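One structure is given below, encoded as structure tokens.
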Amino acid sequence: GRWNLECLFNNTDHRTDLNGVDRLIVRRGQPFTVSLYLRSGSYQPGISSLDCVAETGPQPSEQYGTRARFGLSSSMDTSTWSATVTSPPGDMVALSICSSPKAPIGRYTLTLGQSEKIEFVLLFNPWCPADAVYMDNEQNLAEYVLSQDGIIFRGSSKHTIPTPWNFGQFESGILDICLRILDMNPKCLRNPGKDYSGRRNPIYVTRVLSAMVNCNDDKGVLLGKWTDGYEGGVSPLVWRGSVEILRNWDTQSCQPVRYGQCWVFAAVACSVSRALGIPCRVITNYLSAHDTNSNLVIERYVNENGELIQSREMIWNYHCWVESWMTRPDLKPDFDGWQASDPTPQEKSEGVYCCGPIPLRAIKEGELAFKYDAPFVFAEVNADVVTVMKKKDGSTSKVTTIGLVGQMISTKSVGSDSREDVTHLYKYPEGSDEEREAFKKANHLNKLLQENPDPGLHVTIKVTSDMRKGCDFDVFAVVTNNTEEEKKCRLVFGSCAVSYNGVLGGNCGFKDLLNVQLPPGAERRVPLRLNYSKYGDQVTEDNLIRLAVLLHNYSTGEAKLAMRNIVLDNPEIKVRILGEPKENRKLAAEISLQNPLPEPLDNCCFSIEGANLTGGKIISERLGCTVGPGEDAKVKIYFTPTHSGLRKLVVDFDSNKLCHVKGYRNVIIGK
């Protein structure tokens, strides 16, 4: 006999058609249709029987759930593997087949009767109420499973910068690469039968992904690098999306792609999760603590100028991870929903660099014994900061500082490019009774014993709204005397380049005032000028400068420290679409950027990519000429969209002095 897998109908019905309709890709717990054309006469209901066997993995077994035998039944049972005939008697039999909503995901062979073999890929099904990843909101599903692009927030808590990203989870070949990632994981290489069985469980798959997106213990996708240049690879800021990274890993026989940093690890994990059918989103935590000894306290040291002395315990300006949506039958009730997992290699968990999944609710309630890795994530959003001054004579003293960790936890809003604040999913309001209860449960002694700092002398850092790369501008230390008597102080105001994960660079401006006098109730603003001629060569491509003000009170000998990271704004990339955007019609994007620097730009290059817009490729255009100060760099790039709908065209500009400026344009493609 012959058969027809009805791929166009099935893939569209199962919302997998963006992967293509040349093979069968279906979601678990949902029926699909296969048409059989029988040789041996007609099909008679009640007389003809059909044995079906579905198998996945190299050692399929019924015990492991990787092999299922089932026959024809009179009606469809969507709670288990089943098959039923939906056509009238005749030579053509329309079979409706349903997989179990708890079946392992991956590549399947389905044997029908004696000889017919068909192949298909089975994915998680967040549209199916019996699936562990079920999500009951269409807008959320459109964003967290089907959307192939998004926004990742970088910058700083006071100045969040939206960065566009092309997740591209349905681009050609990506699904196969995602399945290969699962096959290359060490648990699979050790015991494939058990690993394939584990693929029924999104908790297991998410934990495997958090290990496999980094290459620290395995043939993982990305190699992280945070210091000393990017020889042998490219800066993490080069990437505009996940597609090129996943393809590079696949074509280079699973050698790690160089290099990634946290938002790249998180974005790739998000692409793979969405490709497999697990709802997923990228999260940014500003002022994220990296607690290496699990005491929920970050100890940082400064010298007498208030300059940080590098230590392994850091506060990252921001840190990105992912949240995936699933039930947690392994925990007590009420911990279903969003689970945090972190593919950036930071600390080992069960001997491997991976982290999570842990329910957000466990972090919020201080349930640190819950699986997996609750203490590390809890510290990222709640650690206390203790600052100690090391003096030249070797003595140390405590410095009063307001260290806020875990601020403005952010993700892209559903259906729009605005920022959604999700801090409340991770922590109770600061100072509330519930927060105290969570800290008690988590044994967070430092926070429970915290006294309010003496309000006598107060120091903060104020900045202007306009801090563009290439400009000179002032930042201000503001000192207030809230006491009844005059105060005499020394004020040290320093600035240095810093990378987003807290590695310090060169000095960008410094001021030391030995005699600051403050009458009772007085406020004083001390400016520090930051000049491009000085900071231009110091700042990394993260565009960050750390400001620190150290205030010594001569009468009491105590020191207060204020710190703040500022982000220099890159120029805006302007994108105009020429022509009416339609499927399979050539379009032009006119892209421009004004040089904000007081010096010329050389080697200018614009690149674009976008899911279903640029054919799964990156299209680049170099400028032949130098772009002088204040002049526009401008190009026209042609591309042909393949599918209708709302898509992001992600744009990158690179040059010798202005690196990896990102921009994007939302384009609505008509049919």
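In case you wondered, yes, glycine gets a Cβ from its N, Cα and C as well.
What TrEMBL annotates here:
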type: ACT_SITE; residues: CYS262; note: active site
type: ACT_SITE; residues: HIS319; note: active site
type: ACT_SITE; residues: ASP342; note: active site
type: BINDING; residues: ASN382, ASP384, GLU430, GLU435; note: Ca(2+) binding site
type: DOMAIN; residues: 254-345; note: domain 'Transglutaminase-like'
- Task: Could you state the whole-number distance in Å separating the C-alpha atoms of ASP384 (Ca(2+) binding site) and HIS319 (active site)?
- Result: 17
- Give me the Cα-Cα distance between ASN382 (Ca(2+) binding site) and CYS262 (active site), rounded to a whole Å. 19
- Candidates CYS262, HIS319, ASP342 (active-site residues) - the one closest to GLU430 (Ca(2+) binding site) by CA: HIS319
- Task: Can you figure out which of CYS262, ASP342, GLU435 (the recorded positions) comes closest in space to HIS319 (active site), comparing Cα atoms?
- Result: CYS262
- Message: Give me the CA-CA distance between ASP342 (active site) and CYS262 (active site), in Å, as a whole number.
- Response: 9
- Message: Between ASP342, ASP384, GLU430, GLU435, which of the recorded positions has its C-beta surrounded by the fewest other C-beta atoms within 10 Å?
- Response: GLU430
- Using C-alpha atoms only, work out the spacing between GLU435 (Ca(2+) binding site) and CYS262 (active site) and round it to an integer in Å. 28
- Message: Please compute the mean pLDDT of the model over the domain 'Transglutaminase-like' (254-345).
- Response: 92
- Item | Counts of helix, strand and coil residues, the domain 'Transglutaminase-like' (254-345), according to DSSP | 15 helix, 41 strand, 36 coil
- Item | Which same-chain residues, if any, lie at least 6 apart from CYS262 (active site) yet have Cβ under 8 Å of it | TRP316, TYR318, HIS319, CYS320, TRP321, THR344, ASN501
